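The ATP binding site annotation in Swiss-Prot covers 5-12, 132-139, and the record cites sequence analysis as its basis. Marked as Zn(2+) binding site by Swiss-Prot: HIS156, CYS166, CYS168, CYS173.
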Amino acid sequence: MTTLAIDIGGTKLAAALIDKNLRISQRRELPTPASKTPDALREALKALVEPLRAEARQVAIASTGIIQEGMLLALNPHNLGGLLHFPLVQTLETIAGLPTLAVNDAQAAAWAEYHALPDDIRDMVFITVSTGVGGGVVCDGKLLTGKGGLAGHLGHTLADPHGPVCGCGRVGCVEAIASGRGMAAAARDDLAGCDAKTLFIRAGEGHQQARHLVSQSAQVIARMIADVKATTDCQCVVIGGSVGLAEGYLEQVRAFLMQEPVPYHVALSAARYRHDAGLLGAALLAQGDTL
(Lines of atoms letter the chains of each structure in order from A and count residues from 1; the text may use other names and numbers.)
(Lines give C-alpha, C1' and ligand atoms only; values in the text may rest on other atoms or scores of the structure.)
Protein backbone atom coordinates (compact mmCIF):
# COMPACT_ATOMS: atom_id res chain seq x y z
CA MET A 1 0.00 0.00 0.00
CA THR A 2 1.39 3.40 -0.98
CA THR A 3 1.43 6.03 1.74
CA LEU A 4 1.51 9.78 1.22
CA ALA A 5 3.86 10.84 4.01
CA ILE A 6 4.08 14.47 5.14
CA ASP A 7 6.66 16.08 7.43
CA ILE A 8 5.70 19.43 8.97
CA GLY A 9 8.66 21.30 10.43
CA GLY A 10 9.45 24.77 11.65
CA THR A 11 11.13 25.85 8.42
CA LYS A 12 9.90 23.45 5.73
CA LEU A 13 7.09 21.12 4.72
CA ALA A 14 8.00 17.88 2.95
CA ALA A 15 5.91 15.18 1.30
CA ALA A 16 6.63 11.97 -0.57
CA LEU A 17 5.09 8.71 -1.68
CA ILE A 18 6.37 5.70 0.26
CA ASP A 19 5.65 2.11 -0.78
CA LYS A 20 5.38 -0.98 1.42
CA ASN A 21 9.14 -1.55 1.09
CA LEU A 22 9.81 2.00 2.36
CA ARG A 23 11.03 3.24 -1.00
CA ILE A 24 10.62 7.00 -1.34
CA SER A 25 9.50 8.65 -4.57
CA GLN A 26 8.29 12.05 -5.77
CA ARG A 27 9.65 13.93 -2.76
CA ARG A 28 8.53 17.56 -2.64
CA GLU A 29 9.30 20.48 -0.31
CA LEU A 30 7.82 23.89 0.43
CA PRO A 31 8.76 26.48 3.05
CA THR A 32 6.62 26.49 6.17
CA PRO A 33 4.33 29.55 5.91
CA ALA A 34 5.71 32.55 7.76
CA SER A 35 2.26 34.01 8.42
CA LYS A 36 0.55 33.08 11.66
CA THR A 37 -2.75 31.81 10.30
CA PRO A 38 -4.29 28.35 10.00
CA ASP A 39 -5.39 29.26 6.47
CA ALA A 40 -1.78 29.75 5.39
CA LEU A 41 -0.78 26.30 6.63
CA ARG A 42 -3.89 24.76 5.09
CA GLU A 43 -3.15 26.27 1.67
CA ALA A 44 0.50 25.25 1.82
CA LEU A 45 -0.45 21.67 2.68
CA LYS A 46 -2.95 21.62 -0.17
CA ALA A 47 -0.29 22.77 -2.65
CA LEU A 48 2.14 20.17 -1.31
CA VAL A 49 -0.26 17.24 -1.38
CA GLU A 50 -2.34 17.85 -4.51
CA PRO A 51 0.16 16.42 -7.05
CA LEU A 52 0.65 13.22 -4.99
CA ARG A 53 -2.68 12.24 -3.51
CA ALA A 54 -4.05 10.33 -6.51
CA GLU A 55 -1.34 7.67 -6.17
CA ALA A 56 -1.75 7.13 -2.42
CA ARG A 57 -4.13 5.03 -0.35
CA GLN A 58 -3.52 6.71 3.00
CA VAL A 59 -1.83 9.73 4.56
CA ALA A 60 0.74 9.69 7.39
CA ILE A 61 1.85 12.96 8.99
CA ALA A 62 4.92 13.63 11.11
CA SER A 63 4.63 17.11 12.63
CA THR A 64 6.46 19.27 15.08
CA GLY A 65 4.39 19.91 18.20
CA ILE A 66 2.06 17.74 20.25
CA ILE A 67 -0.46 15.57 18.42
CA GLN A 68 -3.55 14.99 20.53
CA GLU A 69 -6.63 13.31 19.07
CA GLY A 70 -5.71 14.53 15.61
CA MET A 71 -5.15 18.12 16.73
CA LEU A 72 -1.80 19.90 16.45
CA LEU A 73 -0.96 21.65 19.71
CA ALA A 74 2.29 23.60 19.49
CA LEU A 75 4.25 23.42 22.76
CA ASN A 76 6.42 26.22 21.38
CA PRO A 77 4.10 28.14 19.00
CA HIS A 78 7.04 30.11 17.56
CA ASN A 79 8.23 26.95 15.78
CA LEU A 80 5.07 26.93 13.67
CA GLY A 81 4.58 30.61 13.05
CA GLY A 82 2.31 31.14 16.05
CA LEU A 83 -0.14 28.26 15.54
CA LEU A 84 -1.65 27.08 18.81
CA HIS A 85 -4.41 24.70 17.76
CA PHE A 86 -4.85 23.19 14.30
CA PRO A 87 -7.15 20.33 13.17
CA LEU A 88 -4.36 18.49 11.39
CA VAL A 89 -5.93 15.10 10.69
CA GLN A 90 -9.28 16.57 9.68
CA THR A 91 -7.58 19.06 7.36
CA LEU A 92 -5.58 16.40 5.52
CA GLU A 93 -8.53 14.04 5.27
CA THR A 94 -10.45 16.86 3.61
CA ILE A 95 -7.59 17.81 1.26
CA ALA A 96 -6.57 14.29 0.26
CA GLY A 97 -9.81 12.38 0.74
CA LEU A 98 -7.83 9.58 2.41
CA PRO A 99 -7.60 8.05 5.90
CA THR A 100 -4.98 9.97 7.87
CA LEU A 101 -2.70 9.30 10.82
CA ALA A 102 -0.63 11.96 12.62
CA VAL A 103 2.26 11.67 15.06
CA ASN A 104 4.93 14.00 16.42
CA ASP A 105 7.84 14.28 13.99
CA ALA A 106 10.56 13.29 16.44
CA GLN A 107 8.51 10.33 17.65
CA ALA A 108 8.06 9.24 14.02
CA ALA A 109 11.77 9.68 13.32
CA ALA A 110 12.64 7.66 16.42
CA TRP A 111 10.50 4.80 15.14
CA ALA A 112 12.19 4.83 11.73
CA GLU A 113 15.68 4.99 13.21
CA TYR A 114 14.86 2.22 15.69
CA HIS A 115 14.00 -0.10 12.79
CA ALA A 116 17.43 0.56 11.27
CA LEU A 117 19.27 -0.61 14.41
CA PRO A 118 20.48 -4.16 15.16
CA ASP A 119 17.85 -6.51 16.59
CA ASP A 120 19.49 -6.60 20.02
CA ILE A 121 18.77 -2.89 20.54
CA ARG A 122 15.45 -2.56 22.36
CA ASP A 123 15.94 0.76 24.13
CA MET A 124 16.96 3.86 22.18
CA VAL A 125 16.39 7.60 22.07
CA PHE A 126 16.27 9.82 19.00
CA ILE A 127 17.11 13.51 19.36
CA THR A 128 16.55 16.11 16.67
CA VAL A 129 18.36 19.43 16.89
CA SER A 130 16.91 21.77 14.30
CA THR A 131 14.64 24.83 14.47
CA GLY A 132 13.71 23.37 17.85
CA VAL A 133 14.92 20.39 19.88
CA GLY A 134 12.76 17.29 20.02
CA GLY A 135 13.01 13.64 20.83
CA GLY A 136 11.48 10.22 20.63
CA VAL A 137 11.90 7.33 23.06
CA VAL A 138 11.67 3.63 22.28
CA CYS A 139 11.53 1.48 25.42
CA ASP A 140 11.59 -2.31 25.21
CA GLY A 141 10.75 -2.07 21.53
CA LYS A 142 7.75 0.20 21.99
CA LEU A 143 7.45 3.85 20.95
CA LEU A 144 6.44 6.06 23.86
CA THR A 145 3.96 8.79 22.93
CA GLY A 146 2.15 9.37 26.22
CA LYS A 147 -1.57 9.78 26.75
CA GLY A 148 -1.33 13.48 25.90
CA GLY A 149 1.35 13.13 23.20
CA LEU A 150 4.04 14.86 25.29
CA ALA A 151 6.49 11.96 25.65
CA GLY A 152 9.92 12.67 24.21
CA HIS A 153 9.73 16.46 24.19
CA LEU A 154 13.27 16.54 25.54
CA GLY A 155 13.94 20.06 24.31
CA HIS A 156 11.75 21.37 27.09
CA THR A 157 13.82 19.90 29.89
CA LEU A 158 15.90 22.34 31.92
CA ALA A 159 19.36 23.40 30.77
CA ASP A 160 19.91 26.68 32.65
CA PRO A 161 17.55 28.10 35.32
CA HIS A 162 18.95 31.55 34.54
CA GLY A 163 18.77 31.11 30.77
CA PRO A 164 16.49 32.68 28.16
CA VAL A 165 12.72 32.32 28.22
CA CYS A 166 11.57 29.51 25.95
CA GLY A 167 8.61 29.80 23.63
CA CYS A 168 6.84 27.16 25.73
CA GLY A 169 6.83 29.54 28.70
CA ARG A 170 9.57 27.94 30.80
CA VAL A 171 12.92 29.56 31.55
CA GLY A 172 16.14 27.98 30.34
CA CYS A 173 14.87 25.05 28.27
CA VAL A 174 17.37 23.07 26.21
CA GLU A 175 15.54 24.27 23.09
CA ALA A 176 15.92 27.94 24.02
CA ILE A 177 19.71 27.57 24.03
CA ALA A 178 20.73 24.66 21.80
CA SER A 179 18.28 24.85 18.89
CA GLY A 180 18.96 26.67 15.65
CA ARG A 181 16.48 29.32 16.70
CA GLY A 182 18.08 29.58 20.15
CA MET A 183 21.57 29.95 18.72
CA ALA A 184 20.40 32.66 16.32
CA ALA A 185 18.63 34.54 19.12
CA ALA A 186 21.85 34.60 21.16
CA ALA A 187 24.00 35.96 18.31
CA ARG A 188 25.29 39.49 18.87
CA ASP A 189 27.25 42.25 17.15
CA ASP A 190 28.27 41.30 13.60
CA LEU A 191 26.39 37.99 13.90
CA ALA A 192 23.09 39.57 14.92
CA GLY A 193 20.35 38.44 12.57
CA CYS A 194 22.26 35.41 11.30
CA ASP A 195 20.51 32.06 11.10
CA ALA A 196 21.99 28.79 12.35
CA LYS A 197 23.31 27.80 8.92
CA THR A 198 25.27 31.04 8.72
CA LEU A 199 26.55 30.59 12.27
CA PHE A 200 27.99 27.18 11.35
CA ILE A 201 29.66 28.68 8.28
CA ARG A 202 31.20 31.46 10.37
CA ALA A 203 32.26 28.97 13.03
CA GLY A 204 34.04 26.97 10.34
CA GLU A 205 35.85 30.16 9.35
CA GLY A 206 37.07 30.55 12.92
CA HIS A 207 34.71 33.30 14.12
CA GLN A 208 35.07 33.22 17.92
CA GLN A 209 31.47 34.03 18.84
CA ALA A 210 30.04 31.62 16.27
CA ARG A 211 32.32 28.85 17.54
CA HIS A 212 31.15 29.56 21.08
CA LEU A 213 27.46 29.38 20.11
CA VAL A 214 27.93 26.05 18.33
CA SER A 215 30.01 24.67 21.19
CA GLN A 216 27.46 25.84 23.76
CA SER A 217 24.69 24.10 21.84
CA ALA A 218 26.67 20.86 21.68
CA GLN A 219 27.44 20.98 25.40
CA VAL A 220 23.80 21.56 26.33
CA ILE A 221 22.75 18.61 24.15
CA ALA A 222 25.45 16.40 25.70
CA ARG A 223 24.26 17.21 29.21
CA MET A 224 20.69 16.49 28.16
CA ILE A 225 21.82 13.11 26.79
CA ALA A 226 23.40 12.32 30.17
CA ASP A 227 20.03 13.09 31.78
CA VAL A 228 18.27 10.89 29.22
CA LYS A 229 20.68 8.03 29.93
CA ALA A 230 19.97 8.37 33.65
CA THR A 231 16.22 8.39 32.98
CA THR A 232 15.88 5.64 30.36
CA ASP A 233 19.14 3.63 30.51
CA CYS A 234 18.95 3.62 26.71
CA GLN A 235 21.40 1.51 24.72
CA CYS A 236 22.07 4.20 22.14
CA VAL A 237 21.15 7.74 21.11
CA VAL A 238 20.62 8.72 17.47
CA ILE A 239 20.95 12.39 16.53
CA GLY A 240 19.29 14.10 13.57
CA GLY A 241 18.01 17.50 12.48
CA SER A 242 19.70 20.23 10.46
CA VAL A 243 21.87 21.31 13.41
CA GLY A 244 22.41 17.78 14.70
CA LEU A 245 23.64 16.62 11.29
CA ALA A 246 25.78 19.70 10.59
CA GLU A 247 29.44 18.96 9.91
CA GLY A 248 31.41 18.45 13.11
CA TYR A 249 28.45 18.87 15.48
CA LEU A 250 28.05 15.24 16.54
CA GLU A 251 31.77 15.02 17.29
CA GLN A 252 31.47 18.01 19.63
CA VAL A 253 28.46 16.46 21.40
CA ARG A 254 30.38 13.21 21.80
CA ALA A 255 33.41 15.01 23.25
CA PHE A 256 31.27 16.86 25.81
CA LEU A 257 29.43 13.65 26.74
CA MET A 258 32.77 11.97 27.45
CA GLN A 259 33.39 14.67 30.09
CA GLU A 260 30.38 13.39 32.04
CA PRO A 261 30.83 10.55 34.57
CA VAL A 262 31.10 7.11 32.95
CA PRO A 263 27.62 5.84 33.97
CA TYR A 264 26.11 8.54 31.73
CA HIS A 265 28.07 7.58 28.62
CA VAL A 266 26.07 6.07 25.76
CA ALA A 267 26.76 5.26 22.12
CA LEU A 268 25.93 8.14 19.75
CA SER A 269 25.27 7.94 16.03
CA ALA A 270 23.95 10.15 13.24
CA ALA A 271 20.47 9.49 11.90
CA ARG A 272 20.66 6.87 9.15
CA TYR A 273 17.65 8.27 7.32
CA ARG A 274 18.79 11.84 7.90
CA HIS A 275 16.05 14.28 6.83
CA ASP A 276 13.68 11.51 5.70
CA ALA A 277 13.36 9.85 9.12
CA GLY A 278 10.08 11.57 10.00
CA LEU A 279 8.49 10.64 6.67
CA LEU A 280 9.57 7.01 6.95
CA GLY A 281 8.53 6.64 10.58
CA ALA A 282 5.07 8.03 9.93
CA ALA A 283 4.69 5.66 6.97
CA LEU A 284 5.78 2.70 9.10
CA LEU A 285 3.14 3.54 11.68
CA ALA A 286 0.44 4.00 9.04
CA GLN A 287 1.34 0.69 7.41
CA GLY A 288 0.61 -1.31 10.51
CA ASP A 289 3.12 -0.67 13.28
CA THR A 290 1.15 0.31 16.36
CA LEU A 291 2.05 2.99 18.87
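Glycine too: its Cβ is placed from the backbone N, Cα and C atoms.
Here ALA5 (ATP binding site) is positioned 30 angstrom away from CYS166 (Zn(2+) binding site), judged by their C-alpha atoms. Each of the binding-site residues GLY9, GLY132, GLY134 was scored by how many other Cβ atoms lie within 10 Å of its Cβ, and the smallest score goes to GLY9. The residues near the Zn(2+) site, meaning same-chain residues not in HIS156, CYS166, CYS168, CYS173 whose C-beta sits within 8 angstroms of the mean position of the site's C-beta atoms, are LEU75, ASN76, GLY155, GLY167, GLY169, ARG170, VAL174, GLU175, ALA176, in sequence order.
A C-beta separation below 8 Å, combined with a sequence spacing of at least six in one chain, links THR11 (ATP binding site) to PRO31, THR32, SER130, THR131, SER242. Taking the Cβ of ALA5 (ATP binding site) as reference, residues of its chain lying under 8 Å away and at least six apart in sequence are, in sequence order, ALA15, ALA16, LEU17, ILE18, VAL59, ALA60, ILE61, ALA62, LEU279, LEU280, ALA282, ALA283, ALA286.
The binding-site residues in question are ASP7, GLY136, VAL138, CYS168, CYS173, and the one with the fewest Cβ neighbours inside 10 Å is CYS168. A C-beta separation below 8 Å, combined with a sequence spacing of at least six in one chain, links HIS156 (Zn(2+) binding site) to LEU75, ASN76, CYS166, CYS168, ARG170, CYS173, VAL174, GLU175. In the shown protein chains, 24 other C-beta atoms lie within 10 A of the C-beta of CYS166 (Zn(2+) binding site). In the three-state DSSP reading, GLY134 (ATP binding site) counts as strand. Following the DSSP three-state reduction, the secondary structure of HIS156 (Zn(2+) binding site) is helix. Under the three-state DSSP scheme, ASP7 (ATP binding site) falls in the strand class.
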